[in-house]
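J.: Reproduced below are the annotations present in TrEMBL:
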type: TRANSMEM; residues: B:12-33; note: transmembrane segment
type: TRANSMEM; residues: B:40-59; note: transmembrane segment
type: TRANSMEM; residues: B:79-104; note: transmembrane segment
type: TRANSMEM; residues: B:116-138; note: transmembrane segment
type: TRANSMEM; residues: B:176-196; note: transmembrane segment
type: TRANSMEM; residues: B:217-241; note: transmembrane segment
type: TRANSMEM; residues: B:261-283; note: transmembrane segment
type: TRANSMEM; residues: B:295-315; note: transmembrane segment
């Protein structure tokens, strides 16, 4: 009888169609020195997919399976995560690290698996004809540099001639990304750029801020991550550098970056590639259908915060691309190549963002096989210490395409030449 | 006075202050190495753990809340009270003493007479274990440390120097406090080792384990004592560094700033840790000011500290104040 039962179960298993899944690896970092940034992003990324599973049964009827892999923000571990998860049918990677991204670009191109590097990674991946499988919409580092400069132009009646801007940057591939653009923008607008490097992890920045105190640049831009941000904001307060002249990029503008400095951080400015609003309807749904039933990736305390919102927005863009791929190819169980097609045809409109429960969460943009970068817009937000929240200071600001596009072309074509790539859209 | 000279003096002064912060970390290494011959790789993580424990106690955070909630289906995070800073510091010292006892009981008492490299490897394991425990116990988010330490520019010094030389020097109030605390700490350690029974026992063990054992000194007790003191020093370092950046996991990396200090000052000398820290602090800051930033693109401090330490090592392998190792056949 027991044997008969076993055979029946085996026969049923064999007869049932294999359950398809949409596999999304989450290369997170919940440990180590950068965990404070990695955790909320990963929570937001995962919770949105869990919401789709719970509310809609996945995307197009296919359940989503998120595979979390801890990278510790370490490039080698990130590559290991990629290698160990790609065989699971991974549709898209979000490495959340410029270092990991640089290592994964050739692998992903060879394997035909798309990478989404949202606001980080290799900027010239905007050129989709060279980087078929790398997408960096809605904006990249060079856009961020240009958005910051455009904001400063607005503050100075359209002229930065004779002004001095210091760039305090993480001494890594990530931190050095905006230098080229800022130099080009400096030539165009007549400001002088001073580059001030901070070594990893950035716990000791006395020399850098003494230099700023001596030279008193008109503005300080910061390309920081992790503890570098908190220390820089504290040191800026210590040397009495005005917070309204200190602008961090979008990886230096989360709540945990400013809270250690307390009231001294009030008025600190940073860029953001998405709006923040803890009252988005989608957050209500996440709280009700994911957090309260105990299915959240975290304890729910991060819902609505800057990096949680960005992680959720990243998941939203991935889910939209999956739906687009399903629509294009007429199948629900899509392949990585089909996912790439979906990403290359992604369109985010005001209507769609409203339908998703996050009105105006990001800029309106459309991706194409040639342009993987989106609109490049970003906004400036200001820290209100008494309210304990960032508040938007501007709407979305458009970057200077006349500077960025030639740089993208130059860098991407150089990469193509080095790697024997003939620029063309993916077939 | 020329501007560059004034700037250089300001940089040197701040270098001295930064050096004190490095020395605070290095002291913990020296204490354990001197008493037990163990290079404690976990010292940085101990600073992290101590600072996290302090903030957790102060804020009434429930330890292991995430684990408890996941296991029991509860939703508890906070006891609902706050503990005054001084009481929280004392309670943290007790926790660090318990930690010292546990480490000795479950790790080092089983490794007596093992090769130094084995003991070193054990501390590597301990570091990662403790980091994981800290994460489970208190969570990974950045915590604001508020024990009433002053921060920001010292107005008196700025005004006085401005009146005297026409340029107001910058010194962070936190660095001044760190210097006073480091001085008190060293004084306390010297008094303890010179004038208390336990201190003399500790020195005896440091000089010769076997001889100390033969006169009835308990090696176990001394090791627990020295790890407790190192835990206290780690707490002080954690408070000072955590006040700057918030208490977060990168605190464990402050150990990297202590290594060149140890190489320079010697692994067995408390004054060496202080003098080494000052030399490294001033050296790296002046190099960055005079050569690094203007000619090499900046960010030279991390590697220059090691270059400086290496130069000292070449000429004095035991460090400035370290004991010369003479092995007789």
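Positions of Cβ are set from backbone N, Cα and C atoms, glycine also.
The shown structure was predicted, so the numbers you read here are calculated from the model rather than taken from an experiment.
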J.: Where else in the chain does the transmembrane segment (B:40-59) make close Cβ contacts, counting only residues six or more beyond its ends and a cut-off under 8 Å?
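T.: The answer is 25, 28-29, 32-33, 78, 82-83, 85, 88-89, 91-92, 95-96, 99, 120, 123-124, 126-128, 130-131, 133-134, 137-138, 143-147, 230-231, 234-235, 237-239, 241-242, 247, 249, 251-256, 258.
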J.: Sort out the residues at least 6 away from either end of the transmembrane segment (B:79-104), same chain, that have Cβ-Cβ distances under 8 Å to it, and list them.
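T.: Here the qualifying positions are 46, 49-50, 53-54, 57-62, 126, 146-148, 220, 223-228, 230-232, 234-235, 239.
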J.: Taking 3+ C-beta pairs under 8 angstroms (sequence gap of 6 or more) as contact, is the transmembrane segment (B:12-33) in contact with the transmembrane segment (B:295-315)?
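T.: Taking Cβ pairs at least 6 residues apart, the transmembrane segment (B:295-315) and the transmembrane segment (B:12-33) are not in contact, as fewer than 3 fall under 8 Å.
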J.: Under an 8 Å Cβ to Cβ limit, what residues of the same chain, 6 or more beyond the ends of the transmembrane segment (B:217-241), are close to it?
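T.: For the transmembrane segment (B:217-241), the far contacts come to 21, 24-25, 27-28, 31-32, 35-36, 40, 43, 46-52, 54, 89, 92-93, 96-97, 99-101, 103-104, 108-109, 112, 145, 147, 149, 174, 177-178, 181, 185, 189, 198, 201-202, 204-205, 209, 247, 251, 254.
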J.: Counting only residues 6+ away from its ends, which parts of the chain sit with a Cβ under 8 Å from the transmembrane segment (B:261-283)?
T.: 12, 15-27, 29-31, 33-34, 39, 182, 186, 189-190, 206, 304-306, 308-310, 312-313, 318-323
